[in-house]
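Enquirer: Pulled these from TrEMBL:
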- B:ARG99, B:LYS139, B:144-150, B:174-177, B:GLU182, B:HIS205, B:258-259: ATP binding site (BINDING)
- B:103-288: domain 'ATP-grasp' (DOMAIN)
2 protein chains.
Amino acid sequence: MSTVGILGGGQLARMLALSGAPLGVRFLVVDSLADACASQVAPLLLADWRDFDALEEFARRIDVATFDFENVPAETAQWLTEHTTVYPNPRALSVAQDRLAEKTLFREVGLATPAFAAIDSLADLERALVEVGYPAVLKTRRLGYDGKGQYRIKSPADVAPAWDALGRVPLILEAFVPFEREVSVIAVRSRDGEFRTYPLTQNWHADGILSMSLAPAPDSDALAPRAFDYARRVAEALDYVGAFALELFVHEGRLLGNEMAPRVHNSGHWTIEGAPASQFENHVRAVLGLPLGDTASLGVNVMFNWIGELPQAAPVLAEPRAHWHDYGKEPRAGRKVGHATLCAFTAEEMRERLVRVARALGREAQAAPVLAAL
Amino acid sequence: MSTVGILGGGQLARMLALSGAPLGVRFLVVDSLADACASQVAPLLLADWRDFDALEEFARRIDVATFDFENVPAETAQWLTEHTTVYPNPRALSVAQDRLAEKTLFREVGLATPAFAAIDSLADLERALVEVGYPAVLKTRRLGYDGKGQYRIKSPADVAPAWDALGRVPLILEAFVPFEREVSVIAVRSRDGEFRTYPLTQNWHADGILSMSLAPAPDSDALAPRAFDYARRVAEALDYVGAFALELFVHEGRLLGNEMAPRVHNSGHWTIEGAPASQFENHVRAVLGLPLGDTASLGVNVMFNWIGELPQAAPVLAEPRAHWHDYGKEPRAGRKVGHATLCAFTAEEMRERLVRVARALGREAQAAPVLAAL
């Protein structure tokens, strides 16, 4: 019986533990919050990630360490590799933690990206805007997720405020791409290099946070193989082990690399019921060196993300092939507190299900772009 | 956020907790064994079921109590109903605990049973055998499961040994039925009387323990509605709330009531992946008063039960739509330590999958009757 240690005790750790338990795998979560929601389903080691005495106990009690959050301090990841087995490896984490390193890697493996430039001074920013043009997005290189640490620059008047807002840390300026679609590849790579992808997922964001996902992404027969190939190249370049997400923009028929998440990803939550082996189960299998599981889709799948607070559960619970996920977290503005996945055998059946559920929840606006795409 | 308390911390409690957690439900398990396998995924209250101080703490910490084992002491179930909400109700438990009460109820609701007689003395036994005939099965009325507490009487020579083996407790003599098939109804009834069934399941036993299940049971279009109707009548007669199993023999086209399990049941484990809402999730929904979930089958499903020790996991892990369940228990002869569920869209696909997996595991003999029935 193997024990997987997880740095971070949020909903991703929670779903990893729930998905791995049937395999007979045990878990140990390290988090500095006593009410970390993963602690409802797995033992918790209450400690800061920089508490190396606690990490020594953690390393002793587990067989392999992994993460539910990419912004693990580099020295923690490095220390762990010297004391236990760690997947994904610290280099993959550090590349994904830094938007500049990430975009540079994308280009190295042949994946185009929006124009970008490293920014370390106001002069850099002014110079880069000449090349990148308006509108552009100024982002912190590190610790950005869910739209945090970003400033949209629409005209020269925004330059000084953007610099004031973000200019205390290393930045990256990226061209704003008026993309037609956002898609993500949810993929998994095993210890021995086997690589599998789930069907391409199409995503919609609201206020920088994932709002809805649809898988398989419609009309993606030509797109998906190219997207999967990029994901494979990124994974191989990083010698990545585990599940990850590659987020891509689709613009004028081209795929542009947006970012990589070196962990299970919100846009892959539909795989819990929509695929025979979920991204969570496959991450656990990968880091333990077990055979990878089946990533085929069992039909059409739509995920609603619940941000801030949960809507009523009853309309979802009462709907056939609808699945409710409450992460056991306190409500708070901007916080991911749960999701719901609707599954159907056909797009037609999904349209009916989605209309019915969205109406019952008063979430017609949230569901509208998915209905339009289906 | 509701908390469900479970008396008993075995694999059924474990799977209840894993299936209920996504709904945001918390669990608390009471068991007298510190290594009860459910404690790997839910908090454990280490106590004997007759420790009423511990039960008082248990009742205080939960919203509703349920069971992973039917042989809960009657006084414990009764005490609990006076201190918290309890489903199923103690009468349902007590009927299912007593083979005589159970068979009597079956007859009351119109479900035929094998001939039976209550036995309290050797003279009773000799008298009953005249009526019931040979072969017959002498069984303890209480605490029997998985073939325990049974003695097959093939001829008069077996009467004295059977009495010596079992004659210290109340007994029941049952005619041995040379049935063609064993099937079970996995059903769930809500607090407000809504009743749902999963597709009829066909079962095969070895040494009195469930070995294989197949769902939907082949050629059951005529049989299933009758079986479901009996299950509904039994549930209504007991005002039952939660999931349960009704085991039936099929003999010369008739259905005969064998026994009822007032809890989630081994022959319903396939519902975890084979149905949108598993028997475990539906039990949790029922006892909490939530809407019941979808019980349709997503295709053809076969379960292998692992008794004593687990075979190699790899051939199952590597097979598409195959699911591995390791309960995290120490191996021991006769102990249920795990199961595997194979899912497929068609019987043809299932035959291929089953042959491949059975061969890889060296379990051709275990799978043979299912292959013959598919």
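Placed from the backbone N, Cα and C atoms, the Cβ positions cover glycine too.
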Enquirer: What kind of secondary structure is B:ARG99 (ATP binding site) part of, going by DSSP in three states?
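Expert: Assignment for B:ARG99 (ATP binding site) reads helix.
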Enquirer: What are the non-local neighbours of B:LYS148 (ATP binding site), defined as same-chain residues 6+ apart in sequence with CB under 8 A from its CB?
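Expert: Those within reach of B:LYS148 (ATP binding site), by Cβ under 8 Å and sequence separation of 6 or more, are B:GLY208.
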Enquirer: In which DSSP state, out of helix, strand and coil, do we find B:ASN258 (ATP binding site)?
Expert: strand
Enquirer: What is the number of other Cβ atoms found within 10 Å of the Cβ of B:ASN258 (ATP binding site)?
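Expert: B:ASN258 (ATP binding site) is surrounded by 21 other Cβ atoms within 10 Å.
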Enquirer: Around the Cβ of B:ARG99 (ATP binding site), how many other Cβ atoms lie within 10 Å? Please give the count over every shown protein chain.
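Expert: Result for B:ARG99 (ATP binding site): 24 neighbouring Cβ atoms inside 10 Å.
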Enquirer: Looking only at Cβ atoms, how many others are within 10 Å of the one on B:VAL177 (ATP binding site)?
Expert: 19
Enquirer: Across the domain 'ATP-grasp' (B:103-288), what does the pLDDT come to on average, as a whole number?
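Expert: The answer is 95, the mean pLDDT of the model over that range.
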Enquirer: If one looks at the chain holding B:GLU174 (ATP binding site), which residues at least 6 apart in sequence have a CB under 8 angstroms from its CB?
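Expert: In sequence order, B:ARG99, B:LYS103, B:THR113, B:PRO114, B:ALA115, B:PHE116, B:VAL132, B:ALA136, B:VAL137, B:LYS139 meet the Cβ cut-off.
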Enquirer: Could you tell me which three-state DSSP class B:LYS148 (ATP binding site) falls into?
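Expert: In three-state terms, B:LYS148 (ATP binding site) counts as coil.
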Enquirer: According to DSSP, does B:VAL177 (ATP binding site) sit in a helix, a strand, or coil?
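Expert: Once the DSSP labels are grouped into three classes, B:VAL177 (ATP binding site) ends up as coil.
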